[in-house]
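Taken straight from TrEMBL:
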type	residues	note
TRANSMEM	6-27	transmembrane segment
TRANSMEM	77-97	transmembrane segment
TRANSMEM	103-126	transmembrane segment
TRANSMEM	147-164	transmembrane segment
TRANSMEM	201-220	transmembrane segment
TRANSMEM	248-266	transmembrane segment
TRANSMEM	286-307	transmembrane segment
TRANSMEM	319-340	transmembrane segment
TRANSMEM	346-365	transmembrane segment
TRANSMEM	386-409	transmembrane segment
TRANSMEM	415-439	transmembrane segment
Amino acid sequence: MFNGDHYRLLLLLILYTVQGIPMGFLMRSMPIMLKKYYSYSDIGVLAMCSYPYKFKFLIAPIVDTVYWKRLGRRRSWIIPIQLLAGIIMFIVAMNLQTLIQDYSVHIVALAFTAIFFCLAVQDIAVDGWAVTIVKEENLNYSATVQNVGLSLGIGISTTIYLALNSSHFCNSFIRPWYVNPSLLELEDSVYSEPIINEKTFMIGWGILTIFASLYAFLLHNEKDDRIKFKEEDTLGVIDTFKLAKNLVFNRHTMVLIFFWVVTKLFSRFSLTQDLYLLNEKKYDQGNYSIATAIKFPCEIMTSLLISKYAFSNPFRTKYIFLFVSIVVNLLSVNVFLYNYDSLVVYSPYLVDICVIVMVVANNVASTAEFNCDIAIMNKMCNKGNGGTHITIFASLMNASGIISDLYSYRVVDNFGMFMPTFTGSILSVLVLILVIPILKILEKTKREDFYHPLEKQKVE
């Protein structure tokens, strides 16, 4: 099925999983934990800690061209940066409560930003490796492995963490297997606390990064990559920076950026729906973790089912699922959450079913969109400088949501969830209708349309 690329795809799966764990923890689980200390606007400040990830194309040329030959072009960055991220995670874990209680949200965001910087560098190297480590016919599987790995890591740091961080869930489903039930009812006992807290989880991830680094170092030789490049086939640092500049200001790239920006412009108000459900409506964290556990296999199946079609028609597939996302968000916020209190009185079990449907539908739609974006990047990037190419595309894609991120949390803080989400959904539909001509232009673009002149000389 994978034509001899099994172990290479397994390596990518491990690296993307290790990368996805802190992403999910810092961007999804921690805001839920910290909402009792901070406002929605403060949570928006924490969301800015991912900016190194959004602007990673600024350092991509260095990561793509500077390396130690004996260790390999990609491993020279992956191994040490993973170890550094693990060390920072250890330090933050040991001082997390002090940071939260004694310092402002900006200090906490600064600590998270340092971790995201390491993740950004790692992502550049791994993305570049993913383009060259497998055969041409397996590139669609490379995109799928990326999404599966990131989804697995995010699932571990959200589903598993939120479940084990809920004392109610632990005492209902886990501890009865090995603890006398009468002990679980005692207040102020060790069993009134969850099995895992933030500190334990962050230390565990730090240990995992060390093992992943050892695996990449000991069990895979970069010289064995199926797609090899001679030294003269790659660009130097200066030429790679020129490549980055020309790629960003390429007219085809500008059209792609415009497409990404406008389709996200009014659709970000629903980002806070999980926070609203758990903190404002006091929905049980353990039950929510069950919903996220159910959505995880749905994400994997979505990635597997959509991978080939997304790789052949990425823009049109993404366009379809943009409509799906708008409908799902509108129903989740303006129908379910708006009538939440009435549903709780009518049937708590119906609420649980609605939460599962909301979580699964939102994640299936976003997973499909993400697969399409990965397919777009893999289809357009040049393999010789894949790290820079795919990183620039990924950075531009992530940065396209900055404009809406800057105001969406503050708007929700001031006006609530319902009116902004409803208005944003209507405006998003109008935008999607207006960008149909842009969609047709993008469907006609080819990989060569994004090449720097220096790259064309290398390819020829």
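Placed from the backbone N, Cα and C atoms, the Cβ positions cover glycine too.
With a cut-off of 8 Å on Cβ pairs spaced 6 or more residues apart, the transmembrane segment (103-126) and the transmembrane segment (346-365) reach fewer than 3 such pairs and are scored as not touching. Segment contact is absent for the transmembrane segment (201-220) and the transmembrane segment (319-340), given fewer than three CB pairs below 8 angstroms at sequence separation of 6 or more. Highest Cβ pair count under 8 Å relative to the transmembrane segment (346-365), across stretches 6-27, 286-307, 415-439: 286-307.
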